[in-house]
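Trainee: Structure in structure tokens, see below.
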Amino acid sequence: MENYNDDLYPLALLMDELKHDDVSNRVEAMEKLDTIAIALGPERTLKELIPFLNDVAQDDEEEVFAVLAAKLGDFVPLIGGTAHCLPLIEILTILVLMEEPIVRDKAIDSLNNISLELSDAELAEVFIPLVQSLSQGNWFSKKIASCGLYKSVLVKVPAAARIELLNLYLKLITDDYPMVRRSAATNLPELINLLTTFTSANPNHDNKVNNEDWEIISKMFHHLINDDQDSVKFLSIDVLIAILEFFKNIGEDSFNSDFLTSALKLISDELWRVRYTAADRFSKIAENFESKEEELFQLIDPFIKLMNDNEGEVRKAVCKQLPEFCHLLIKYKSTKATILSKIIPVLNDLSQDNQENVRASLASSITKLSPILERQSTIDKLLPIFLTMLKDEFPDVRLNIISNLSVVNETIGINLLSTNLLPAITELAQDHKWRVRLAIIEYMPKLANQLGESFFKDELLSLCMSWLWDPVFAIRDAAVKNLKELTTIFGSNWANSEIINRLLNNDDKIDEDDKIDYSNFIIRITCLFAITSLIPVIDYEIIEAKILPFINSLIVDAVPNIRFNVAKSYLVIVESLVKSNTVGKDELHKLINTEILQNLEKLQNDEDVDVRFYSSKSIRGINEILA
């Protein structure tokens, strides 16, 4: 009797927790579903747990349904294999009809997962009838659910069955409900990509894609580009790209003129969402026409028209496409000439666009035109735009230019930019938004590589040091990491003279008024963080002569936070010295035993519990390293 109760316990526990008033408890219980199924075993899971879940799927909250839908996709092995998968599919069929998108989507994903484990015979017997039934349902939720299931069967069925499925899908594309058409249009590119992959892998297969398939897909596409709902019509852009990639993959370009006509129609559509999507995917569209000069040429004026579009979001999207599209244009002499004659003049206007997000988008991409235009054209045409944007009142514009200057530097050198670059960096470094300051800090190592040691030291090093005292911790932390990266670039001796001496007030060139005031706790701990971060990238002699004495001086600091960070710093020193292998074993052991461990033992007896904890932890770590 006791064993019987033990066997019932997992299911009884689940049932009890799923009756809890709090939905979060029920969600947590459902998260353990696979564990309970393992405890029950396949037979009892199939006979007891699955019927119970079938009831749950019809009477609970959406959060619980979402977890249940996700879990059931991996349940096939837990019920004894695909021979018993029908009850699972029945539960998921209930869930895919839910109006809540997250539940429906997870149920669709789980059904698709299950389909991967089914044999062709099981697909034909169980799964395809489900897809057909949902597609022909009398309620929009059934049809929406069916759209996500076609990808599991389309390339696994014979050619005749595929035609039937495509005809069913055509009905979904032309359905009365916009929600159904939208779902069908969203999933169509993936279906076409599956056909592309199947054709590439099986060019001589009996079930290869034929003209009859493409006649149906062509009808779908033409219905989409003429749809009266912008929420459906804009999805036809991705469908067009998928179709173009199929024909490019098989080396067939005889239909390109028709596709180009469709593309031009969509690019100039009266609905702004359609134009926005076309602008956002412009390079993907264009690369499918690059094999013919005259076809590529026809896309230039529509591109410029998008750059001058009335909608800011369209201009913003097309700005991001500049480098990729211009890279395609340099393939032919006639199209390359239009970059300077037609596109660059429009960029002058966009650099002063009245919407700051458009200018920021342009700033993130315009620098990438430098290698495309070559040196002199960059100096003559692009450099004035860069300099204008470096003075932009919106910080993101200046930041995006600065963040992408490496490619300009490779083309024309940094000297031509430096006059305007430094004021822009200084302004960004003092911007009232801390995230802007953070972004410019993260760019400093790249700028250091470009400017060189001397220029960086004279113009930007003081700025880097000033960030250590920023009121925002994230900025101080980034400044500490920045100093380490600069040391990696310029070397240990540079860090000693330019960073460590400044932090320790050892620099004779520093005025008394400019020396660091260690009476402030934040300044002391920031200096400790900065010095500790440099340990792995500086020489042993500097660690021994300057860093270790500084850290030793802080073991009696009045603030526990500093003392336990001192304990952590000692471990960093030992780890770095052992890893660098630049100091003799005897000398290292002497340093550790006579200085580091002795100080850590003092900290082990500290009155603060955290200090004792971290000092003990560091001692254990050092002993493990030396063992």
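Note that Cβ sites are derived from N, Cα and C of the backbone, with glycine treated the same way.
Okay, these came from TrEMBL:
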- 49-83: repeat 'HEAT' (REPEAT)
- 165-202: repeat 'HEAT' (REPEAT)
- 343-381: repeat 'HEAT' (REPEAT)
- 382-420: repeat 'HEAT' (REPEAT)
- 421-459: repeat 'HEAT' (REPEAT)
- 547-585: repeat 'HEAT' (REPEAT)
- 596-627: repeat 'HEAT' (REPEAT)
Trainee: DSSP-wise, what's the residue breakdown of the repeat 'HEAT' (343-381) into helix, strand and coil?
Mentor: 33 helix, 0 strand, 6 coil
Trainee: Looking only at the repeat 'HEAT' (49-83), what is the model's average confidence as pLDDT?
Mentor: 84
Trainee: Restricting to the same chain and to residues at least six past its boundaries, which positions have a Cβ under 8 Å from a Cβ of the repeat 'HEAT' (382-420)?
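Mentor: Beyond its ends, the repeat 'HEAT' (382-420) has Cβ neighbours at 344, 347-348, 351-352, 356, 359-360, 362-364, 366-371, 373-375, 427-428, 431, 433, 436, 439-440, 443, 446-447, 449-451, 455, 459.
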Trainee: Tally the residues of the repeat 'HEAT' (596-627) by DSSP class, grouping H, G and I as helix, E and B as strand, and everything else as coil.
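Mentor: Grouping H, G, I as helix and E, B as strand yields 27 helix, 0 strand, 5 coil.
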Trainee: Taking helix as H, G and I and strand as E and B in DSSP, count the residues of the repeat 'HEAT' (421-459) in helix, strand and coil.
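Mentor: Per-class counts: 34 helix, 0 strand, 5 coil.
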